[in-house]
Amino acid sequence: MTKKIAVLPGDGIGTEIIEQAVRVLGALKLDLDLETQPVGGAAYDQHGHPLPPVTLELAKKADAILFGAVGDWKYDNLPREHRPEQAILGLRRALGLFANLRPAILYPELANASSLKPEVVAGLDILIVRELTGDIYFGQPRGVRELSDGPFKGDRQGFDTMHYAETEVRRIGHVAFQAARKRGKKLCSVDKANVLETSQFWRDIMIDVAKEYPDVELTHMYVDNAAMQLVRAPKAFDVIVTGNLFGDILSDEAAMLTGSIGMLPSASLNASNQGLYEPSHGSAPDIAGKNIANPLATILSAAMMLRYSLDAAPQADRIEAAVQKVLQQGLRTADIYEAGTTRVSTSEMGDAVLKALE
Ligand code: NAI
Ligand code: MG
């Protein structure tokens, strides 16, 4: 059956990197129907909104969304609801994309890109599963209020609310256990259960969900310790599952372990495995239009799309192997270039991946 893919290039380097990922998908000879629509600043320019109805409708009916990046300095003065970045939040909300999967992989060939010692990070391959639609980022009530008692009586106070419903914890738990089952069969749930009620509840639910996955080893870690262990011994992790706030911070930390933002894909999934796939980086306006951006994060995002939303794991494996091959051949875009390797452009990197696929 034909699978529908919404291709949303967005702004900045988005168009350049998506073009290469689309070429790679085309080479696989799968039954895919790709339709492109603008998103972010490009959509604002064309339709007066970063997520116009044509784009939202396409995204809703698609099996998966391949997303470039959005944002540019020239939109900085727009009211918040018209900023390019609102498109991502709108898509997450409209599609219920509650599970964010961020692999942090350091290919052996790029071990020098990390700020950590090669022996600590070479061959790193971990997956962070971050809950994306709950937690203190969305909890109500929130705002600024006047205190009516306590040591700061009469003072103004800013406040947010952290909470997780059982269903929210269970469903992200299942996503994480299933991912762990397909990998190293180790899941570390990260929380702050020594201090937070929300976290103790999270931990209790994870322990319960674990009963359905006897083949996966579940451990727990406090978030402050996890932040330390990620730089001390990151390879000890396989899959990490955590809430929205902790996951935001830890996934950026893990990305930096690899030192190459141009290499990191991501996926955001909902309960029906519909997903939005995008590189972890932004629209890089500083290098846009120069054909020098690294397209590999986007090409690897397309591989994740095949694996998680399109039921095409063998083709995902092929893309990942092709990426590994071009790195072994010594081909590097500017962001990962080092002496002794061959510097290539965005489109040349796409050419090389296509060739490696043959
Ligand atoms: P950024 O990730 O766009 O760029 C950070 C640095 O990394 C820049 O020096 C850039 O040149 C470099 N870089 C990023 N991707 C690269 C690639 N594929 N190849 C080579 N170099 C690459 O983050 P920044 O500068 O903070 O944000 C720029 C714009 O992107 C802003 O408007 C921001 O809001 C937006 N943004 C969008 C995201 C999305 O669409 N999901 C995520 C993060 C930021
Ligand atoms: Mg972040």
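Glycine is treated like the rest: Cβ placed from N, Cα and C.
Record features, source TrEMBL:
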- 4-353: domain 'Isopropylmalate dehydrogenase-like' (DOMAIN)
- ARG92, ARG102, ARG130, ASP224: substrate binding site (BINDING)
- TYR137: site 'Important for catalysis' (SITE)
- LYS192: site 'Important for catalysis' (SITE)
- ASP224, ASP248, ASP252: Mg(2+) binding site (BINDING)
- GLY282, SER283, ALA284, PRO285, ASP286, ILE287, ALA288, GLY289, LYS290, ASN291, ILE292, ALA293, ASN294: NAD(+) binding site (BINDING)
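Everything TrEMBL records as a feature, shown here on the structure.
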residue : record                         : CB count, 10 Å
ARG92   : substrate binding site         : 17
ARG102  : substrate binding site         : 22
ARG130  : substrate binding site         : 27
LYS192  : site 'Important for catalysis' : 21
ASP252  : Mg(2+) binding site            : 13
GLY282  : NAD(+) binding site            : 20
ASP286  : NAD(+) binding site            : 9
LYS290  : NAD(+) binding site            : 13
ILE292  : NAD(+) binding site            : 19
ASN294  : NAD(+) binding site            : 28
*Ten-angstrom check, please: count other Cβ atoms within 10 Å of the Cβ of ASP248 (Mg(2+) binding site), all chains counted.*
16
*asked:* Test of understanding: give the count of other CB atoms lying within 10 angstroms of the CB of ALA284 (NAD(+) binding site).
replied: 24
*asked:* Please list the binding-site residues from ARG102, ASP248, ASP252, ASN294 whose Cβ falls under 6 Å of any atom in ligand 2.
replied: ASP248, ASP252
*What Cα-Cα separation, expressed in whole Å, is found between ALA284 (NAD(+) binding site) and ARG92 (substrate binding site)?*
22
*Per the record, substrate is bound by ARG92, ARG102, ARG130, ASP224: how many Å separate the farthest pair of Cα atoms?*
28
_DSSP-derived class (H/G/I helix, E/B strand, else coil) of ASP252 (Mg(2+) binding site)_ = helix
*If H, G and I count as helix, E and B as strand, and all else as coil, what does DSSP give for LYS290 (NAD(+) binding site)?*
coil
